[in-house]
Structure formats: structure tokens, C-alpha cells
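Noted in Swiss-Prot for the protein shown:
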BINDING   VAL10, THR36, ASP57, ASN85, TYR149, LYS153, VAL182, THR184  NADP(+) binding site
ACT_SITE  TYR149  active site, proton acceptor
ACT_SITE  LYS153  active site, lowers pKa of active site Tyr
Amino acid sequence: MTRDQKFALVTGCGKGGIGEALILEYTRRGIYAIATVLPTENSDHLTAAGITWFPLDVTDEQSVVDLKKSIASVTDGYLDFLVNNAGICYTMTAIDTDVSAVKRMFDVNVFGPMRMVHHFHDMLIQATGTIVNIGSIGGVVPYMYGASYNASKAALHHYSNTLRLEMSPFNVKVLTVISGEVGTNILKNDVHRNLPEGSYYSPLAVEFRDHVQRTPKTTSRFEYAENVVAQSLKSSPAAWFWTGSATGIIRFLDMFAWRTIWDFFFYREFNLGKVKDAYLANLKKDM
């Protein structure tokens, strides 16, 4: 049976983020795109755009179960595109990491997509659909202050690799997006974060504050969404699709350069020599 209408489900469609841009792009291309937002999150921007939306907390099993029932009633049991976009960030040095905060982040960034795939896989198989997992260059390179976030995205990348293999008997495709820096508000919860008192990285306290409050050179989220949606609509999408600011050079160096090239680059960019000098000076004081 041929279906004229295709359906997409995009998680994490809060105002100003990648999800909002993705949902609008799928809609523009004639896909019936369904958005999710957190139960506590404002959804006026979706209602105003005529987008069907449902509340979802990807860390809550029952919330995912309830969403599936709602989606199935709209799509008659089919789902052509599942876009696991919901994600949060945690910026901190590895040695100063608050593990409870990291557990929360992994629950969203890693276990969230796992829950979605677990509950929606039958609808995707029914539609011979595509799973789109939104990864990051952070899962490829050791970007400073991002050890925990980078680890969550690396975990998602490797989960996606195996998922791609395991879904192949059912002709369900899995697209992993390696995102560069994109203009979103994902850092909004980090702007007031400081290094803890007494941290070995205290010499970089000012630089750390500047980092979490930075406005990096980024790709427009709408340009990004256009590229991702176009790739997901292909009959044979890439296994890994690199798009966004800085992805070209990072992809090249990751393929052809030695593994520690990033140590050389980031040591200088983030002024780690200042930390070393302070550490050595303290050692001399104690002698």
C-alpha cells in the first residue's frame, strides 16, 4: 500500500533551538511534522506555526509511552522519521565535574534516544523509516570544558553505529548528524556557571566565564536544518553526516592527522600553560 503522507517526529522543539528549525523545515517540505516540548516548556511558537505538538520528557518512560499512543492515533501506526534532537549541555572541567549533573545529561542525551527507539521501532519498521540522531563534533574531538558532554555525544555516535547495523534487516535507515557549532540556545543553562572554589583551574576562572558566555561563530540553525532534512530524505542517507561550522576541518584532521593534534591545538587556544605555571609556582612554595 502506498501512503501519500509521510510523518516526522522531532524531539526537543523549544523556541530558538535546532528542533524548532527542523520541524519547520520538514513541514515546508510537505512532511506532517510533529513536535515535542517539555511539559513545563512554552509551546506558543509551535501553535502559532500550525505545528502539531505533544509534551514529552525523554527521561520519563511513561511520558514516552503516552507519546507513542498519541502519535499512533495521528499517523495510523506509521512513523517515517524519528529525529532524536532533545539534548542538554554541561560545561565544566573533567576534574571538577558534578557527576549527578552528568547523569542527568546522559539521561537526556543518550538514554533519551534509546527510550525513543525502543518504543517507536515498530512504527519505524512499519513505515520503512529513518532514525536521525543529532550528534556533535564534541563526540569526535576533546573540546575543552566539555569532557562530559563530549562523552555523551560519543556514546550516542557509537549507539547509532550499532543501531544502523541492527536496523538494516528491516530497511530502516539510521543517520547520525555530526553537528558543528550551530546558533542555538543550548548554552543558556551554562551562562551562570563558575569553576568551583579551590579548583586547580582557578587561574582560568575569567577565561572560563568568558567561555560559557561566548557567542561563537556559528551556522544558522535554519541553514543547518535545511541540510539535515535534505540528507534524511535521501533514499540512502550518509551513515555520518557532517554539517555546521568547523566540521570540514575537523573531519579532515580526524581522518588524517595524529590523535594528539587536538592536544597541541587546544592547549594553546585555552591557555593551559597558565594553569601549568600556577601549579608549578605552588609546588615551589611548598618546597
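Any Cβ shown, glycine's included, is placed from N, Cα and C.
Just so it is clear, the model here is predicted, and its values are computed rather than measured.
Recorded features from Swiss-Prot, shown on the structure.
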residue: VAL10; record: NADP(+) binding site; Cβ contacts under 8 Å, 6 or more apart: GLY19, LEU22, ILE23, TYR26, ALA33, ILE34, ALA35, THR36, PHE81, VAL83, ASN85
residue: ASP57; record: NADP(+) binding site; Cβ contacts under 8 Å, 6 or more apart: LEU38, PRO39, SER63
residue: TYR149; record: NADP(+) binding site; Cβ contacts under 8 Å, 6 or more apart: CYS89, TYR90, THR91, MET105, ASN109, SER136, GLY138
residue: LYS153; record: NADP(+) binding site; Cβ contacts under 8 Å, 6 or more apart: ASN109, GLY135, SER136, GLY138, GLY139
residue: VAL182; record: NADP(+) binding site; Cβ contacts under 8 Å, 6 or more apart: ILE18, THR218, THR219, SER220, ARG221, TYR224, GLY244, SER245
residue: THR184; record: NADP(+) binding site; Cβ contacts under 8 Å, 6 or more apart: GLY16, GLY17, ILE18, ARG221
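Each of the binding-site residues THR36, ASN85 was scored by the other Cβ atoms within 10 Å of its Cβ; the lowest score goes to ASN85.
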